[in-house]
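Taken from Swiss-Prot as is:
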ACT_SITE  A:Lys100  active site, schiff-base intermediate with DXP
BINDING   A:Gly161, A:Ala187, A:Gly188, A:Asn209, A:Thr210  1-deoxy-D-xylulose 5-phosphate binding site
Amino acid sequence: MVNDKLIIDKKKFNSRLIVGTGKYKSMAECAKAIKLSGAEIVTVAVRRVNISDKKKPLLMDYIDPKKITYLPNTAGCFNSEEALRTLRLAREIGGWKLVKLEVLGDKKNLFPDMIETLKSTEVLTREGFRVMVYCNDDPLMAKRLENVGACAIMPLAAPIGSGLGIQNTTNIKIIRSQTKLPLIIDAGLGQASDAAIAMELGCDGVLANTAIAKAKKPFQMALAFKNGVIAGRQSYLAGRIEKSIYGSASSPKTGII
Amino acid sequence: MKKIKKIKIKLNGKFSTINENLSLSIFLKELKIPLKKVAIELNQEIIDKNNLKTIKLKNNDKIEIVHFIGGG
(Lines of atoms letter the chains of each structure in order from A and count residues from 1; the text may use other names and numbers.)
(Lines give C-alpha, C1' and ligand atoms only; values in the text may rest on other atoms or scores of the structure.)
Protein backbone atom coordinates (compact mmCIF):
# COMPACT_ATOMS: atom_id res chain seq x y z
CA MET A 1 0.00 0.00 0.00
CA VAL A 2 3.01 2.26 0.50
CA ASN A 3 3.39 2.92 -3.20
CA ASP A 4 -0.31 3.35 -3.79
CA LYS A 5 -0.34 7.08 -4.52
CA LEU A 6 -2.86 9.31 -6.16
CA ILE A 7 -1.15 10.84 -9.18
CA ILE A 8 -2.58 13.99 -10.70
CA ASP A 9 -0.66 15.80 -13.39
CA LYS A 10 2.49 13.89 -12.44
CA LYS A 11 2.24 15.01 -8.79
CA LYS A 12 1.98 12.29 -6.18
CA PHE A 13 -0.35 12.46 -3.19
CA ASN A 14 -0.64 10.05 -0.29
CA SER A 15 -4.26 10.90 0.41
CA ARG A 16 -7.02 10.12 -2.05
CA LEU A 17 -9.41 12.45 -0.32
CA ILE A 18 -9.78 16.02 -1.56
CA VAL A 19 -11.80 18.34 0.63
CA GLY A 20 -13.58 21.60 0.02
CA THR A 21 -12.99 24.57 2.32
CA GLY A 22 -16.48 26.09 2.19
CA LYS A 23 -19.41 26.06 4.61
CA TYR A 24 -17.37 25.74 7.82
CA LYS A 25 -18.31 27.81 10.87
CA SER A 26 -14.84 29.33 10.99
CA MET A 27 -11.44 29.18 9.33
CA ALA A 28 -10.07 27.45 12.41
CA GLU A 29 -12.70 24.73 12.18
CA CYS A 30 -11.98 24.32 8.47
CA ALA A 31 -8.23 24.03 9.08
CA LYS A 32 -8.66 21.43 11.81
CA ALA A 33 -11.10 19.37 9.74
CA ILE A 34 -8.64 19.36 6.83
CA LYS A 35 -5.87 18.19 9.11
CA LEU A 36 -7.99 15.36 10.48
CA SER A 37 -9.12 14.34 7.00
CA GLY A 38 -5.50 13.88 5.93
CA ALA A 39 -6.30 15.66 2.66
CA GLU A 40 -3.36 17.10 0.76
CA ILE A 41 -5.48 18.94 -1.80
CA VAL A 42 -8.21 21.44 -0.95
CA THR A 43 -10.55 23.32 -3.24
CA VAL A 44 -10.78 27.07 -2.86
CA ALA A 45 -12.96 29.78 -4.38
CA VAL A 46 -11.92 33.08 -5.94
CA ARG A 47 -13.85 36.05 -4.60
CA ARG A 48 -13.52 39.80 -4.09
CA VAL A 49 -11.31 40.99 -1.24
CA ASN A 50 -13.33 42.62 1.52
CA ILE A 51 -11.97 46.16 1.26
CA SER A 52 -13.89 47.60 4.19
CA ASP A 53 -13.14 44.86 6.71
CA LYS A 54 -9.48 43.93 6.48
CA LYS A 55 -9.49 42.21 9.80
CA LYS A 56 -11.43 39.35 8.29
CA PRO A 57 -9.20 36.25 8.49
CA LEU A 58 -7.60 35.08 5.27
CA LEU A 59 -7.72 31.47 4.17
CA MET A 60 -3.99 31.48 3.46
CA ASP A 61 -3.29 32.39 7.08
CA TYR A 62 -4.99 29.17 8.20
CA ILE A 63 -4.14 26.75 5.41
CA ASP A 64 -0.58 27.05 4.14
CA PRO A 65 -0.49 26.72 0.34
CA LYS A 66 3.09 25.49 0.63
CA LYS A 67 1.94 22.48 2.62
CA ILE A 68 -1.50 21.84 1.14
CA THR A 69 -2.17 22.00 -2.60
CA TYR A 70 -4.71 24.69 -3.36
CA LEU A 71 -7.08 23.71 -6.13
CA PRO A 72 -8.79 26.88 -7.35
CA ASN A 73 -12.35 26.14 -8.32
CA THR A 74 -14.87 27.99 -10.47
CA ALA A 75 -17.85 27.19 -8.24
CA GLY A 76 -20.61 29.68 -8.85
CA CYS A 77 -19.73 30.25 -12.53
CA PHE A 78 -22.59 29.73 -14.95
CA ASN A 79 -20.79 30.16 -18.27
CA SER A 80 -17.45 29.62 -19.89
CA GLU A 81 -16.51 33.29 -19.83
CA GLU A 82 -16.94 33.58 -16.04
CA ALA A 83 -15.05 30.35 -15.45
CA LEU A 84 -12.12 31.36 -17.65
CA ARG A 85 -11.92 34.77 -15.98
CA THR A 86 -11.94 33.19 -12.53
CA LEU A 87 -9.19 30.70 -13.28
CA ARG A 88 -6.97 33.22 -15.03
CA LEU A 89 -7.21 35.35 -11.88
CA ALA A 90 -6.51 32.31 -9.72
CA ARG A 91 -3.35 31.62 -11.69
CA GLU A 92 -2.28 35.21 -11.17
CA ILE A 93 -2.60 34.93 -7.39
CA GLY A 94 0.08 32.33 -7.05
CA GLY A 95 0.92 30.65 -10.30
CA TRP A 96 -1.59 27.83 -9.90
CA LYS A 97 -1.91 25.82 -13.09
CA LEU A 98 -3.75 22.87 -11.60
CA VAL A 99 -7.37 23.95 -11.36
CA LYS A 100 -10.85 22.59 -10.96
CA LEU A 101 -13.34 23.63 -13.57
CA GLU A 102 -16.98 23.74 -12.60
CA VAL A 103 -19.47 25.42 -14.92
CA LEU A 104 -22.97 25.15 -13.58
CA GLY A 105 -26.08 25.07 -15.72
CA ASP A 106 -28.95 25.15 -13.28
CA LYS A 107 -29.33 27.09 -10.06
CA LYS A 108 -31.63 24.59 -8.41
CA ASN A 109 -29.91 21.27 -8.92
CA LEU A 110 -26.43 22.70 -9.68
CA PHE A 111 -25.88 20.25 -12.52
CA PRO A 112 -22.95 21.12 -14.76
CA ASP A 113 -23.50 22.75 -18.13
CA MET A 114 -21.51 20.27 -20.15
CA ILE A 115 -21.41 22.29 -23.38
CA GLU A 116 -19.82 25.24 -21.58
CA THR A 117 -17.64 22.88 -19.53
CA LEU A 118 -16.27 21.19 -22.64
CA LYS A 119 -15.59 24.52 -24.32
CA SER A 120 -13.80 25.86 -21.23
CA THR A 121 -11.69 22.73 -20.79
CA GLU A 122 -10.39 23.09 -24.32
CA VAL A 123 -9.51 26.79 -23.93
CA LEU A 124 -7.88 26.35 -20.53
CA THR A 125 -5.81 23.39 -21.66
CA ARG A 126 -4.59 25.41 -24.64
CA GLU A 127 -3.58 28.17 -22.21
CA GLY A 128 -1.42 25.77 -20.23
CA PHE A 129 -3.80 25.01 -17.37
CA ARG A 130 -4.09 21.49 -16.04
CA VAL A 131 -7.80 21.06 -15.69
CA MET A 132 -9.65 18.74 -13.35
CA VAL A 133 -13.21 18.80 -14.59
CA TYR A 134 -16.46 18.56 -12.64
CA CYS A 135 -18.93 16.82 -14.92
CA ASN A 136 -22.08 14.77 -15.00
CA ASP A 137 -21.87 10.98 -14.92
CA ASP A 138 -22.20 10.60 -18.68
CA PRO A 139 -19.47 8.34 -20.13
CA LEU A 140 -19.67 10.04 -23.54
CA MET A 141 -19.07 13.50 -22.12
CA ALA A 142 -16.31 12.13 -19.91
CA LYS A 143 -14.60 10.78 -23.03
CA ARG A 144 -14.97 14.12 -24.80
CA LEU A 145 -13.41 15.94 -21.84
CA GLU A 146 -10.51 13.53 -21.97
CA ASN A 147 -10.12 14.13 -25.70
CA VAL A 148 -9.82 17.90 -25.25
CA GLY A 149 -7.16 17.58 -22.56
CA ALA A 150 -8.77 17.24 -19.11
CA CYS A 151 -6.22 16.00 -16.57
CA ALA A 152 -8.83 14.45 -14.25
CA ILE A 153 -12.47 13.48 -14.66
CA MET A 154 -14.69 14.44 -11.73
CA PRO A 155 -18.22 13.14 -12.16
CA LEU A 156 -20.87 14.03 -9.63
CA ALA A 157 -22.29 11.37 -7.34
CA ALA A 158 -25.46 13.44 -6.97
CA PRO A 159 -26.30 17.19 -6.91
CA ILE A 160 -23.73 19.31 -5.06
CA GLY A 161 -24.41 19.43 -1.34
CA SER A 162 -27.31 16.96 -1.59
CA GLY A 163 -25.72 14.17 0.44
CA LEU A 164 -27.52 11.57 -1.66
CA GLY A 165 -24.49 9.43 -2.41
CA ILE A 166 -23.69 7.81 -5.77
CA GLN A 167 -26.87 7.66 -7.83
CA ASN A 168 -25.54 5.89 -10.89
CA THR A 169 -22.90 3.35 -10.01
CA THR A 170 -23.16 1.73 -13.44
CA ASN A 171 -22.12 4.90 -15.25
CA ILE A 172 -19.25 5.44 -12.86
CA LYS A 173 -18.07 1.87 -13.58
CA ILE A 174 -18.32 2.53 -17.33
CA ILE A 175 -16.33 5.76 -17.01
CA ARG A 176 -13.76 3.88 -14.93
CA SER A 177 -13.40 1.19 -17.57
CA GLN A 178 -12.84 3.66 -20.39
CA THR A 179 -10.30 6.06 -18.86
CA LYS A 180 -6.84 5.90 -17.37
CA LEU A 181 -7.12 9.51 -16.17
CA PRO A 182 -7.64 10.09 -12.45
CA LEU A 183 -11.34 9.57 -11.78
CA ILE A 184 -12.55 11.48 -8.76
CA ILE A 185 -16.08 11.48 -7.47
CA ASP A 186 -17.06 15.06 -6.85
CA ALA A 187 -20.23 16.29 -5.18
CA GLY A 188 -23.23 14.72 -3.57
CA LEU A 189 -21.63 12.42 -1.01
CA GLY A 190 -23.31 12.31 2.39
CA GLN A 191 -21.35 9.99 4.62
CA ALA A 192 -18.12 8.04 4.83
CA SER A 193 -19.62 4.86 3.34
CA ASP A 194 -20.43 6.83 0.16
CA ALA A 195 -16.74 7.59 -0.15
CA ALA A 196 -15.89 3.93 0.42
CA ILE A 197 -18.35 2.90 -2.31
CA ALA A 198 -16.77 5.37 -4.74
CA MET A 199 -13.35 3.90 -4.05
CA GLU A 200 -14.66 0.33 -4.38
CA LEU A 201 -15.96 1.22 -7.83
CA GLY A 202 -12.35 1.89 -8.76
CA CYS A 203 -12.30 5.65 -8.50
CA ASP A 204 -8.93 7.23 -7.79
CA GLY A 205 -10.27 9.62 -5.20
CA VAL A 206 -13.23 11.52 -3.84
CA LEU A 207 -13.95 15.15 -3.12
CA ALA A 208 -16.15 16.09 -0.19
CA ASN A 209 -17.14 19.40 1.32
CA THR A 210 -20.68 19.71 2.64
CA ALA A 211 -20.74 16.16 4.03
CA ILE A 212 -17.87 17.07 6.35
CA ALA A 213 -18.46 20.78 6.96
CA LYS A 214 -22.15 20.37 7.74
CA ALA A 215 -21.98 17.11 9.69
CA LYS A 216 -23.08 17.46 13.31
CA LYS A 217 -19.46 16.80 14.27
CA PRO A 218 -17.27 17.92 11.36
CA PHE A 219 -14.01 16.71 12.93
CA GLN A 220 -15.34 13.22 13.46
CA MET A 221 -16.76 13.15 9.94
CA ALA A 222 -13.43 14.32 8.51
CA LEU A 223 -11.79 11.35 10.16
CA ALA A 224 -14.59 9.06 9.01
CA PHE A 225 -14.11 10.17 5.39
CA LYS A 226 -10.38 9.63 5.66
CA ASN A 227 -10.95 6.08 6.86
CA GLY A 228 -13.79 5.50 4.41
CA VAL A 229 -11.55 6.37 1.48
CA ILE A 230 -8.73 4.16 2.78
CA ALA A 231 -11.11 1.24 3.43
CA GLY A 232 -12.72 1.58 0.01
CA ARG A 233 -9.39 1.75 -1.77
CA GLN A 234 -8.01 -1.30 0.05
CA SER A 235 -11.21 -3.21 -0.61
CA TYR A 236 -10.94 -2.37 -4.33
CA LEU A 237 -7.31 -3.42 -4.51
CA ALA A 238 -7.98 -6.59 -2.50
CA GLY A 239 -10.57 -7.73 -5.03
CA ARG A 240 -14.02 -8.64 -3.82
CA ILE A 241 -15.50 -12.17 -3.98
CA GLU A 242 -17.96 -13.16 -6.68
CA LYS A 243 -21.59 -12.64 -5.74
CA SER A 244 -23.78 -15.75 -5.52
CA ILE A 245 -27.45 -16.26 -4.85
CA TYR A 246 -26.56 -19.38 -2.84
CA GLY A 247 -24.87 -19.74 0.49
CA SER A 248 -21.35 -21.09 0.90
CA ALA A 249 -20.51 -22.39 4.36
CA SER A 250 -17.46 -20.90 5.97
CA SER A 251 -16.69 -23.96 8.10
CA PRO A 252 -15.49 -27.31 6.69
CA LYS A 253 -18.17 -29.93 6.12
CA THR A 254 -15.89 -32.75 7.27
CA GLY A 255 -15.55 -33.69 10.92
CA ILE A 256 -18.99 -32.45 11.90
CA ILE A 257 -20.00 -34.08 15.22
CA MET B 1 -2.04 76.13 -4.14
CA LYS B 2 -3.05 73.96 -7.06
CA LYS B 3 -6.15 71.97 -6.32
CA ILE B 4 -5.76 68.22 -6.89
CA LYS B 5 -8.29 66.90 -9.34
CA LYS B 6 -10.44 63.98 -8.25
CA ILE B 7 -11.50 61.01 -10.33
CA LYS B 8 -14.18 58.39 -9.86
CA ILE B 9 -13.30 54.71 -9.99
CA LYS B 10 -15.13 51.49 -9.23
CA LEU B 11 -13.40 49.17 -6.79
CA ASN B 12 -14.85 45.70 -6.31
CA GLY B 13 -18.23 46.93 -7.47
CA LYS B 14 -18.32 50.08 -5.34
CA PHE B 15 -17.69 53.64 -6.49
CA SER B 16 -14.87 55.53 -4.89
CA THR B 17 -13.33 58.99 -5.41
CA ILE B 18 -9.55 59.27 -5.50
CA ASN B 19 -6.87 61.75 -6.52
CA GLU B 20 -6.03 62.00 -10.18
CA ASN B 21 -2.69 60.56 -11.35
CA LEU B 22 -2.50 58.07 -8.53
CA SER B 23 -0.55 54.96 -9.47
CA LEU B 24 -2.13 51.57 -8.94
CA SER B 25 0.82 50.68 -6.75
CA ILE B 26 0.21 53.53 -4.27
CA PHE B 27 -3.54 53.02 -4.41
CA LEU B 28 -3.14 49.36 -3.34
CA LYS B 29 -0.56 50.27 -0.72
CA GLU B 30 -2.95 52.76 0.86
CA LEU B 31 -5.61 50.06 0.99
CA LYS B 32 -3.06 47.75 2.66
CA ILE B 33 -3.70 44.99 0.16
CA PRO B 34 -1.38 41.98 0.67
CA LEU B 35 -0.17 41.81 -2.93
CA LYS B 36 1.17 38.26 -2.70
CA LYS B 37 -2.26 36.95 -1.82
CA VAL B 38 -4.37 38.68 -4.45
CA ALA B 39 -4.91 39.09 -8.17
CA ILE B 40 -5.82 42.42 -9.71
CA GLU B 41 -7.94 43.21 -12.71
CA LEU B 42 -8.11 46.66 -14.29
CA ASN B 43 -10.98 47.12 -16.72
CA GLN B 44 -11.33 43.33 -17.05
CA GLU B 45 -7.65 42.84 -17.84
CA ILE B 46 -5.37 41.03 -15.43
CA ILE B 47 -2.52 43.22 -14.26
CA ASP B 48 1.01 41.91 -13.91
CA LYS B 49 1.87 42.79 -10.31
CA ASN B 50 5.36 43.85 -11.41
CA ASN B 51 3.88 46.70 -13.43
CA LEU B 52 1.76 48.34 -10.75
CA LYS B 53 3.99 51.40 -10.48
CA THR B 54 3.70 52.22 -14.14
CA ILE B 55 -0.10 52.24 -14.19
CA LYS B 56 -1.88 55.53 -13.45
CA LEU B 57 -5.53 55.31 -12.55
CA LYS B 58 -7.99 57.10 -14.82
CA ASN B 59 -11.56 58.29 -14.44
CA ASN B 60 -14.12 55.43 -14.63
CA ASP B 61 -11.50 52.72 -14.18
CA LYS B 62 -12.88 49.47 -12.85
CA ILE B 63 -10.64 47.59 -10.44
CA GLU B 64 -11.25 44.13 -9.11
CA ILE B 65 -9.11 42.67 -6.34
CA VAL B 66 -9.69 39.01 -5.62
CA HIS B 67 -8.27 36.36 -3.35
CA PHE B 68 -8.92 32.79 -2.28
CA ILE B 69 -11.65 32.04 0.18
CA GLY B 70 -13.20 28.82 1.42
CA GLY B 71 -15.16 27.02 -1.26
CA GLY B 72 -16.20 23.59 -2.51
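Cβ atoms here come from the backbone N, Cα and C positions, even for glycine.
Keep in mind that what you see is a predicted model, and the values were worked out from it rather than measured.
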Inside 10 Å of the Cβ of A:Lys100 (active site, schiff-base intermediate with DXP), count up the other Cβ atoms and send me the figure.
27
Spatial neighbours of A:Asn209 (1-deoxy-D-xylulose 5-phosphate binding site) that are distant in sequence (at least 6 apart) but have CB under 8 A:
A:Val19, A:Gly20, A:Thr21, A:Gly22, A:Lys23, A:Thr43, A:Gly161
Helix, strand or coil for A:Thr210 (1-deoxy-D-xylulose 5-phosphate binding site)? Use DSSP.
helix
Compute the C-alpha separation of A:Thr210 (1-deoxy-D-xylulose 5-phosphate binding site) from A:Lys100 (active site, schiff-base intermediate with DXP), stating it in Å without decimals.
17
Set of same-chain residues at least 6 away whose C-beta sits under 8 angstroms from A:Gly188 (1-deoxy-D-xylulose 5-phosphate binding site):
A:Leu156, A:Ala157, A:Ala158, A:Pro159, A:Ile160, A:Gly161, A:Ser162, A:Gly163, A:Leu164, A:Gly165, A:Ile166, A:Gln167
Would you give the longest CA-CA distance, in whole angstrom, between residues of A:Gly161, A:Ala187, A:Gly188, A:Asn209, A:Thr210, the set recorded as binding 1-deoxy-D-xylulose 5-phosphate?
9
Just how many other Cβ atoms lie inside 10 Å of the Cβ on A:Thr210 (1-deoxy-D-xylulose 5-phosphate binding site)?
19
Among the recorded positions A:Lys100, A:Gly188, A:Asn209, A:Thr210, which ones place their CB within a distance below 8 Å of a chain B CB?
A:Asn209, A:Thr210
The residue listed as 'active site, schiff-base intermediate with DXP' to A:Ala187 (1-deoxy-D-xylulose 5-phosphate binding site): how many Å between their Cα atoms?
13
By a 10 A CB contact count over all chains shown, which of the binding-site residues listed here is most packed: A:Gly161, A:Ala187?
A:Ala187
